[in-house]
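Here is what TrEMBL says about this protein:
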- A:143-557: domain 'Aminoacyl-transfer RNA synthetases class-II family profile' (DOMAIN)
- A:Glu176, A:Arg222, A:His450, A:Arg491: L-aspartate binding site (BINDING)
- A:200-203: region 'Aspartate' (REGION)
- A:Arg222, A:Asp223, A:Glu224, A:Gln231, A:Glu484, A:Gly536, A:Leu537, A:Asp538, A:Arg539: ATP binding site (BINDING)
Number of protein chains: 2
Amino acid sequence: MFGRTHYCGEITDQHIGEEVVLKGWVQRRRDLGGLVFVDLRDRTGIVQVVFSPETSKEAYETADKVRNEYVLDIKGRVVARSRETINPNIKTGTIEIQANEVTILSAAKNPPFTIEDRTEVSEDVRLKYRYLDLRRNTMFETFQMRHNITKSVRSFLDEEGFIEVETPILTKSTPEGARDYLVPSRVHPGEFYALPQSPQIFKQLLMVSGFDRYYQIARCFRDEDLRADRQPEFTQIDIEASFLSQEDIMDLTERMLKRLMKEVKGLEITEPFPRMTYAEAMSRYGSDKPDTRFGMELIDVSEIVKNSSFKVFANAVAQGGQVKLINAKGAAGQYSRKDIDQLAEFAARYGAKGLAWLKVEDGELKGPIAKFFSEEEQDQLKKTAEAESGDLLLFVADKNSIVADALGALRLKLGKELGLIDDNQFNFLWVTDWPLLEYDEEDGRFYAAHHPFTMPFREDLPYLESEPEKVRAQAYDIVLNGYELGGGSLRIFEKDIQERMFKALSFTKEEAEEQFGFLLEAFEYGTPPHGGIALGLDRIVMLLAGRSNLRDTIAFPKTASASCLLTDAPGEVSQSQLEELHLRLSVEKNG
Amino acid sequence: MFGRTHYCGEITDQHIGEEVVLKGWVQRRRDLGGLVFVDLRDRTGIVQVVFSPETSKEAYETADKVRNEYVLDIKGRVVARSRETINPNIKTGTIEIQANEVTILSAAKNPPFTIEDRTEVSEDVRLKYRYLDLRRNTMFETFQMRHNITKSVRSFLDEEGFIEVETPILTKSTPEGARDYLVPSRVHPGEFYALPQSPQIFKQLLMVSGFDRYYQIARCFRDEDLRADRQPEFTQIDIEASFLSQEDIMDLTERMLKRLMKEVKGLEITEPFPRMTYAEAMSRYGSDKPDTRFGMELIDVSEIVKNSSFKVFANAVAQGGQVKLINAKGAAGQYSRKDIDQLAEFAARYGAKGLAWLKVEDGELKGPIAKFFSEEEQDQLKKTAEAESGDLLLFVADKNSIVADALGALRLKLGKELGLIDDNQFNFLWVTDWPLLEYDEEDGRFYAAHHPFTMPFREDLPYLESEPEKVRAQAYDIVLNGYELGGGSLRIFEKDIQERMFKALSFTKEEAEEQFGFLLEAFEYGTPPHGGIALGLDRIVMLLAGRSNLRDTIAFPKTASASCLLTDAPGEVSQSQLEELHLRLSVEKNG
């Protein structure tokens, strides 16, 4: 074997006349006019190699035997292609390699799917043969981008004086939050480690240590029922700093993302990013992570219709709810009654009991409910909704939360269907002033909207016991194109406030002490004000690489049932392994 | 609060006259001559702050209340110290800060130990209050160095075309090797994930994918009984590449370490590093990781003494063993009989049944066993050992492995005791040509000396079934100052060789298929020749930072019983958590 001189995809006209050594996989082999053509692929792309019996009979005969996905070692000369054989679809389309030596390094069976960017095969097959799936150039490019993203982040944070510190993966179970993955201890019978849902407590302890500026590209774990965009293990860019204000941390994040967009996507984005309070986001977009690449905002018409003869609307307002609409500009013609029925079904998934609608024709509101509104009400509706002929108005009347959820989801659906979204646009947005606590009807208690260490607004502290739902948090989420990229907050650094927070979360003094006693104690030894942010790396990669699915951003992902189809994890273990861990199964296993 | 302008340790004469804002912890407060002096500490060092009632009565009165470890926000002016108050022991010793404002950001209880580089407190207390322990500047410096090391490695590998890919933490249990940490699955009753002992299989699959050059700063896990230099989770610099020879990988590693030493320690080291086969290392140093900073090599005198009248020596050789010595130059006078008895006790820990010795006085061998050797034997011994007056010769006669272990350990002990080791020297060394397999007497089978994926020497393949102990591996360890920094190998990439390897390791065909079937299958789809190396990051930090213990290189380490004294992990979990995981404890727990 001889050393590679170039990657396949990097050979250009500049190399004509040079002797090169290439290593790669056979994308395709063709026999044509007494020659063998091999498209040779490596992680950078494809180059055409020509074997002629006149150049080397031996190489020609070897090449004649190769099949798709064979691994070859090739020596040859770069030559220009004749004008009629130039292939403008590939980077190396103006040249080809005249091979004079070839070695088959590894043969290959016929793969279960062809290695091409667009593959029709099911995702299950792709995941089982992940090592073949990853051969597709589009996959490698995604991981190259992931590498570039972490590189950009690391170099930015390094320049800003942050040091990367690794925190433990084997740590303590903290039942608050999502479900923990547990790891039984062999040395301590009946005891368990937990895998961290985030390095939250450790990064705060590093602030107590005076590390001042910490970051970590950190693996985190949540044993939750998986949705399309969740994985049992995920990676976050985890940042914490002392002595910074919320403004400082937001500014730092903006500069990091600005540089990232420049270095990774070649795009200039402007800072400061737009900001919106949580209340405003919910009101205008029905979402705490608005996609601001298009309008079609939610419009409150409760005041206009509260006395109308349309009882559904009037009652909703009377019962403390709302009536809101979205105006699908110019879409009246595109949505038949049947289509609108389907939109209503869609809205129902978000709890909406119905979806009322009106179309504007020749300046007039038309539709089954039009008759319930007086002329004045109709005029006001049109004015408020900025409704013009051809517009479709869609209404939901319900409790505020249902109105927001249903219209927020409808807005996104219509935005896509009507082609209002520019895929090349990257709209960053801060959502601020979150509620500190959320009431859970089912459990009859408050949960932390972010996490239990989030600092309340100082001026709201007096309400922490009396009206907890009123208390706002010094928390901020960063949103990109309707996805939550991450969130952060200033943290509580005073023991007494932290104790009040635990109490608001229905911890007894003993529970708080048992689970977080070490943190409360740490706060007593001189704790700096501190705060931070965590950004989901997988999601950043997904959005920047233009992928639709988090699994495409993770080299060896799990399925929705948390299985690895490649290695067949999880799997059974031996009786002796269980015994060492002081465990018995409470289920019967075969084998 | 106002924004920090400088870190404490960075203020120098250049800043005299400037107004500065500092944030930090009170290292010490003194009242002296109507002034309050506060030594303010942050992660960069300490600066002296002076409060005078004339500058600001309010600041003076606040400062008078502060105690050790209070967190302060200070505004003041940099002034030169008068000549007699200059403190040459600290970086900022020529200046001080005349404070005109101060805010107490956080009060502090009296800490359980003072925050100083040299602390007398027990390690258990340091670990329980790790957040205080990490305030010591020597600790922060270690983590700053750790950060600098990974930064240097990442930037080198990035320039060499390697991309960092994250591999799963939740993966499949592979009983070969050390004990796995297991993670019960909630979704798949009775099944378990395992935490990876290394990303070995995944990095090889990435090579099958054509990723070509991969690295990862990877967390790894081993549930082993812990020694002083082991942690249940540890970090390795994990590297794999395709189409490279062993020489290429060694060269890459050397260039990476050379640059690391330059960037992190400011030291020029020369490459190529010295190399030694495993057989030579064992023979000359009695160790597979020789500390080559000093001589005192093991000298084989079997041929000289095999016919002597000293039966212990003669018998050892007759039974197929060896007699070797080390020559402790000029140490005869420093070791009394009693001292040598203690050395014999030490050697006994490594299996040596005895430790024979001779001293050289006036050119003659002296000692209880001298009489057993003829004049010619004595002359040959002196000549071979290069023995001169004042030297102490220590002999072990036994099976080869015991001779190596005992004399290898004695050599290190004497090297330290006799001051032969230069702490400022960094001796890198490659140990090559390892045996592929090691026979385990107890289990009556062979185990992989490195791991089951290591490529044998091609010319040794014919012996894989007939004389497995003869087969050498294309494996290489990198050693620094007597510590194994890491190791690597070329990997098997042909299914038939891998199957023969599994057979040599006593796997049945079914076991191999069940555990590694996916890897064997992957090899059938076009696998490039590949290999790599993994280096222990924690150990590199330990050696470069001059620490004696791996725990000092890990922010939140575990004890020898795998506990975290800070968070009290592992801990008990609730019955409902166990039920969700389909588990019962086979031990009784209180509470």
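Placed from the backbone N, Cα and C atoms, the Cβ positions cover glycine too.
Shown here: features listed in TrEMBL, placed on the structure.
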| residue | record | CB count, 10 Å |
| --- | --- | --- |
| A:Arg222 | L-aspartate binding site | 19 |
| A:Glu224 | ATP binding site | 14 |
| A:His450 | L-aspartate binding site | 20 |
| A:Glu484 | ATP binding site | 16 |
| A:Arg491 | L-aspartate binding site | 22 |
| A:Leu537 | ATP binding site | 25 |
| A:Arg539 | ATP binding site | 20 |
Largest CA-to-CA spread of ATP binders A:Arg222, A:Asp223, A:Glu224, A:Gln231, A:Glu484, A:Gly536, A:Leu537, A:Asp538, A:Arg539, angstrom: 20
Distance [Cα-Cα, Å, rounded] between A:Glu224 (ATP binding site) and A:Arg491 (L-aspartate binding site): 26
Reduced DSSP assignment, A:Arg539 (ATP binding site): helix
Helix, strand and coil counts within the region 'Aspartate' (A:200-203) (DSSP): 4 helix, 0 strand, 0 coil
Pairwise Cα distance for A:Glu484 (ATP binding site)/A:His450 (L-aspartate binding site) [Å, integer]: 13
When distances run from the Cα of A:Arg539 (ATP binding site) to each of the binding-site residues A:Arg222, A:His450, A:Arg491, the nearest one: A:Arg222
Between A:Arg222 (L-aspartate binding site) and A:Leu537 (ATP binding site): CA-CA distance (Å): 15
For A:Arg222 (L-aspartate binding site), the three-state class that DSSP assigns: coil
